[in-house]
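Grabbed the feature section from TrEMBL, which reads as follows:
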- R63, S64, G65, N76, T80, I81, D82: substrate binding site (BINDING)
- 12-142: domain 'dUTPase-like' (DOMAIN)
Amino acid sequence: MNVKIVNKGKHKLPHYATEQSAGMDLRANLGAPVTLKPLERTLIKTGLFMELQAGYEAQIRPRSGLAFKQGITVLNAPGTIDADYRGEIGVLLVNLSNEDVTIEDGERVAQMVIAKHEQVEWKEVNSLEDSNRGEGGFGSTGKK
Ligand SMILES: O=c1ccn([C@H]2C[C@H](O)[C@@H](COP(=O)(O)OP(=O)(O)OP(=O)(O)O)O2)c(=O)[nH]1
């Protein structure tokens, strides 16, 4: 599937690192490194703008390595890029470690998965059909 993309940043376009990768890493497009104190958050710009086809979204997800090694994650994970959004793709990072962490220009800060999605029309009713699961939730299955 072709997706139109504009790159106003200085880094190469995101790409699939292996033949079956689901996500493409996104690079920070920064004028200068950004340091996050513990629990500090910041919006990292990518320089990328894209035009998804209707029925598709892009999900912005954390990178496991960055989370494990440095405690950096995506605060609103998974971030949602709507098909009608034409602004710059941003990555909202938070530092969940107890040390300062510096994000460098060009660093891979998150990954992006393009996914199909549905839109529903509500059919409002007064009651729902019974199911043998009932109303149980929040850890109610598998009880001895
Ligand atoms: O991680 C993200 C999440 C969102 N966006 C952009 C694309 C998305 O289409 C738009 C709006 O995002 P969202 O719907 O999550 O934000 P909102 O807080 O509900 O704002 P809005 O009123 O703009 O919908 O912001 C990003 O660039 N990165």
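Using the three backbone atoms N, Cα and C, a Cβ is placed for every residue, glycine included.
Just so it is clear, the model here is predicted, and its values are computed rather than measured.
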Of R63, S64, G65, D82, listed as binding-site residues, which ones have a Cβ less than 6 Å away from ligand 1?
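Among the binding-site residues listed, those whose Cβ sits under 6 Å from ligand 1 are D82.
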Sequence gap of 6 or more, Cβ distance under 8 Å: name the residues on the same chain that satisfy this around G65 (substrate binding site), in order along the sequence.
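The answer is none.
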DSSP on I81 (substrate binding site), three-state: which is it?
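In three-state terms, I81 (substrate binding site) counts as strand.
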Please work out the number of neighbouring Cβ atoms within 10 Å of the Cβ of T80 (substrate binding site), leaving out its own Cβ.
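12, counting other Cβ atoms within 10 Å of T80 (substrate binding site).
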Return the residues near D82 (substrate binding site), defined as same-chain residues 6+ apart in sequence whose C-beta is under 8 angstroms from its C-beta, sorted by sequence, else 'none'.
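Residues satisfying the criterion: L52, E57.
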Using a 10 Å cut-off on CB atoms, tell me which of the binding-site residues S64, N76 is the least crowded.
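Among the binding-site residues S64, N76, the sparsest Cβ neighbourhood within 10 Å belongs to S64.
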For R63 (substrate binding site), write down the residues of its own chain that are at least 6 apart in sequence and whose Cβ falls under 8 Å from its Cβ; none is a fine answer.
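Looking at Cβ-Cβ distances below 8 Å from R63 (substrate binding site), excluding near sequence neighbours, one finds D25, R108, V109, A110, Q111.
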